[in-house]
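Novice: So Swiss-Prot lists these for the protein:
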type	residues	note
REPEAT	31-70	repeat 'ARM 1'
REPEAT	73-112	repeat 'ARM 2'
REPEAT	115-154	repeat 'ARM 3'
REPEAT	157-196	repeat 'ARM 4'
REPEAT	199-238	repeat 'ARM 5'
REPEAT	241-280	repeat 'ARM 6'
REPEAT	325-365	repeat 'ARM 7'
REPEAT	402-441	repeat 'ARM 8'
Amino acid sequence: MSQRQVLQVFEQYQKARTQFVQMVAELATRPQNIETLQNAGVMSLLRPLLLDVVPTIQQTAALALGRLANYNDDLAEAVVKGDILPQLVYSLAEQNRFYKKAAAFVLRAVGKHSPQLAQAIVDCGALDTLVICLEDFDPGVKEAAAWALGYIARHNTELSQAVVDAGAIPLLVLCIQEPEIALKRIAASALSDISKHSPELAQTVVDAGAIAHLAQMILNPDAKLKRQVLSALSQIAKHSVDLAEMVVEAEIFPVVLTCLKDKDEYVKKNACTLIREIAKHTPELSQLIVNAGGVAAVIDCIGSCKGNIRLPGIMMLGYVAAHSENLAMAVIISKGVPQLSICLSEEPEDHIKAAAAWALGQLGRHTPEHARAVAVTNTLPVLLSLYMSPESSEDLQLKSKKAIKNILQKCTYLPALEPFLYDAPPNILKHVVGQFSKVLPHDSKARRLFVTSGGLKKVQEIKAEPGSLLQEYINSINNCYPEEIVRYYSPGYSDTLLQRVDSYQPL
């Protein structure tokens, strides 16, 4: 047998290995093949190929493993149990850029599923190696490493802290300054994942100088980058007044308001979220947003989108309104009430309706003027029907009831109150009658209208416990009228008259 023939055996074996890993990597891109591959024992066949003498076979084997592990936690678990992680971590430090990208992809695919799987990656010493990859010359390697670190950090505080302790943050801040858009996106996303868990972790990101660099990218034309930048700033600002003020000091207003008009729905949503996370802390921060035109811009934004995209904007209006009557009035003047009423009526999902109900309650609870601004939009009957509907979620019923009470307790606009005399359940009716008892003694026109509209008659039909607050309110109303009028409208009065007719003896 000649040397050529002997070498041919090896060449054929190499070709077969190459063909096998390429086919598996290709098959792993389609969900319908995954179970068959798993049952055929693909994991144990790929493992030795990670240490193959041929670099392209190693890389393709890693790529195939990553695609498999990406699908579900069973396959990710198989990577951990198959003792593949230490091999990957070792190769991550030693191999070329193509292999590094593939290995980091496997680590990300395993770590994304659960805190336990992410912990397995930490336990095998991957963080230090991934952080070294953040300094790699190749932007693709940096991106793959940043992506894996972000996926590990997003699970919980402990894993995030482990990423910080490995020294990732200063390098991620350098990555957001690199020219490659994809790298900027992933690094900003990783900083967001780290910041979200606690004020301390967010502070670490701030101390590395991240805010200024993130703020500069708010106007970047790339929508996906803007999403991540706004998300990272939100995750920093949400924790405390100090952190929110640091974000504001980076001069994000009024520039961030342009994002509320963006074509990308998630840029809009994340911009609203950022404004909400700042507004919620203090009246001063809310006032700053009002002064920058932020309230009107958010209201326009809510009008231009639907569903969950609206939610942060709705909540932001509620937070601003909750701080003070002046801030609530700023929302009312900017036409916030009609927009929130539309959300309350239009949105199919209960949690969005509940947020709108809560925000309307915050707007109407300050003074009679505030309550009237909400009541004239015919919002109260909608809130009542949501509260009464058996189809409403528990949270929606609770928020609607609270909003009705908040508004009713300040409302002196009687045309909005009157329908409630007929439709409201006893626990709401008490507040309605209470408001009439406050207004009628001081308004003769309202007293007359209350009689002609049938309100007084309705009040006489209410059955109240003697000595109860409701009975006190009814007595206050009755005291506004001559006794014979009250008697005239009381149930059974016509029977009494007829009895008198029957018992009357003509002279």
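Cβ coordinates are placed from backbone N, Cα and C, and glycine is handled just like the others.
Locate each feature and note its surroundings.
Specialist: Per-class residue totals from DSSP over the repeat 'ARM 1' (31-70), listed helix then strand then coil: 33 helix, 0 strand, 7 coil.
Sequence-remote contacts of a segment are chain residues at least 6 beyond its ends whose Cβ falls under 8 Å from one of its Cβ atoms, and for the repeat 'ARM 2' (73-112) they are 34, 38, 43-44, 47, 50-51, 55, 58-60, 62-63, 65-67, 118, 120-121, 124-126, 129-130, 132-133, 136, 138, 140-141, 144-145, 147-148, 151-152.
The average pLDDT the prediction assigns to the repeat 'ARM 3' (115-154) is 94.
In terms of DSSP secondary structure, the repeat 'ARM 4' (157-196) contains 32 helix, 0 strand, 8 coil.
DSSP assignment over the repeat 'ARM 5' (199-238) gives 31 helix, 0 strand, 9 coil.
Listed by sequence, the residues of this chain that lie at least six past the ends of the repeat 'ARM 7' (325-365) yet keep a Cβ under 8 A from its Cβ atoms are 283, 286-287, 290, 295-296, 299, 302-303, 306-308, 310-311, 314-315, 317-319, 371, 373-375, 377-379, 382-383, 386, 392-393, 395-396, 399-400, 402-404, 406-407, 409-411.
Helix, strand and coil counts under DSSP for the repeat 'ARM 8' (402-441) come to 33 helix, 0 strand, 7 coil.
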Novice: Mind checking which residues reach the repeat 'ARM 5' (199-238)? Cβ under 8 Å, same chain, six or more beyond either end.
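Specialist: Contacts of the repeat 'ARM 5' (199-238) (Cβ under 8 Å, skipping residues fewer than 6 from its ends): 157, 160-161, 164, 169-170, 172-173, 176-177, 181, 184-186, 188-189, 191-192, 244, 246-247, 250-252, 255-256, 258-259, 262-264, 266-267, 270-271, 273-274, 277-278, 280.
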